[in-house]
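Right, one structure below, let's go through it.
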Amino acid sequence: MERENRTVVTEFILLGLTQSRHAQLLVFVLVLVFYLIILPGNFLIILTIRSDPGLTAPLYFFLGNLAFLDASYSFIVAPRMLVDFLSEKKIISYRGCITQLFFLHFLGAGEMFLLVVMAFDRYIAICHPLHYSTVMNPRVCYALLLALWLGGFTHSIVQAALILRLPFCGPNQLDNFFCDVPQVIKLACIDTFVVELLMVSNSGLLTLLCFLGLLASYAVILCRVKGHSSEGKNKALSTCTTHIIIVFLMFGPAIFIYTHPFRVFPADKVVSLFHTVIFPLMNPVIYTLRNQEVKASMKKLLSRHMVC
């Protein structure tokens, strides 16, 4: 009888990033400007790599896919967040919420695995240069790309399944500006201790292990670089430094968000903002600014179209 009297939740109310109208307006302007400047830059990176026959190496193939993943990832949260800033009531349906968190983890895990693949690519290129063209041939690159998409899909399915099994009967206020597993789990009508542990093992532990593995792999690469010539050493150091910056930007916030169940910290929303909106748009740009070949090709592409 008690179960029959429960109201099934069909929508969630997003409390947003902040309740201050002035702060909301400031964040709205900053995110909109950032979004309109950086997002076209990501598409320009993809166009540059696709149009230049000289950028066919696996490094650029994966960089183009990183730009695509990050651009797609930014569409999941940022546009709705900007619209919600202008709305009095921030409501998302139950299905919309599940869909949002599914794609959030699908693309997020895909990018995480892509960074692992890019580390493997750099390891082969720097530590085993004579075998690089044999190991990283086009067939292997496409197989690795397929594997990371399947890995992201599997991870996301597990995350969505954790939520779909839970009953929601009120309250329905999500203390965030988007739907994600940690906040949604806390609204369930049952004890979620086991579910939160599963969430930590599926997201938090996986993220932490990938992060530590990446740091170890780049440590090995940097140790091997010491014996290279001055020019080769500088190029390898520049590439590895860029990768390490991206690893920290990607994994730092993710580890913070998904490895502390049961508790809510004041910094959660700010970290989530950088993790879902700011850093994904910046990652390919950071790679490009430190890559002379891509920058030169981009300048040629822009000058050619400007002349036309």
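Placed from the backbone N, Cα and C atoms, the Cβ positions cover glycine too.
Residues or ranges marked as domain 'G-protein coupled receptors family 1 profile' in TrEMBL: 41-287.
Long-range contacts of the transmembrane segment (25-47) within the same chain, counting only residues at least 6 positions beyond its ends with a Cβ under 8 Å from a Cβ of the stretch, are 17-18, 63-64, 67-68, 70-71, 74, 78, 81-82, 85-86, 273, 277-278, 281-282, 284-285, 288, 294, 298, 301-302. Annotation comment: TrEMBL describes 25-47 (among others) as transmembrane segment.
What TrEMBL lists as transmembrane segment is 59-78 (among others).
The transmembrane segment annotation in TrEMBL covers 98-120 (among others). Using a Cβ-Cβ cut-off under 8 Å and counting only residues 6 or more beyond its ends in the same chain, the transmembrane segment (98-120) has close neighbours at 59, 62-63, 65-66, 69-70, 72-73, 76-77, 80, 92, 144-145, 147-149, 151-153, 155-157, 159-160, 163-164, 178-181, 184, 203, 206-207, 210, 213-214, 217-218, 243, 246-247, 250-251, 254, 276, 280.
The feature transmembrane segment is assigned by TrEMBL to 140-164 (among others).
Per TrEMBL, the feature transmembrane segment maps to 205-225 (among others). Here the transmembrane segment (205-225) has long-range neighbours at 109, 112-113, 115-116, 119-120, 122-123, 126-127, 155, 232-233, 236-237, 240, 243-244, 247, 251, 254-255, 258-259, meaning same-chain residues at least 6 beyond its ends whose C-beta is under 8 angstroms from one of its own.
Same-chain residues lying 6 or more positions outside the transmembrane segment (237-258) and placing a CB less than 8 Å from one of its CB atoms are 59, 108, 111-112, 115, 118-119, 122, 126, 180-182, 199-200, 203-204, 207-208, 210-211, 214-215, 218, 221-222, 225, 267-268, 271-272, 274-275, 279, 282-283, 286-287, 290-291. Annotation source TrEMBL lists transmembrane segment at 237-258 (among others).
Sequence-remote contacts of a segment are chain residues at least 6 beyond its ends whose Cβ falls under 8 Å from one of its Cβ atoms, and for the transmembrane segment (270-289) they are 17, 27, 31, 34-35, 38-39, 41-42, 45, 63, 66-67, 70-71, 73-74, 76-78, 81, 104, 111, 176-178, 180, 242, 245-246, 249-250, 253-254, 256-257, 295, 298. According to TrEMBL, the feature transmembrane segment maps to 270-289 (among others).
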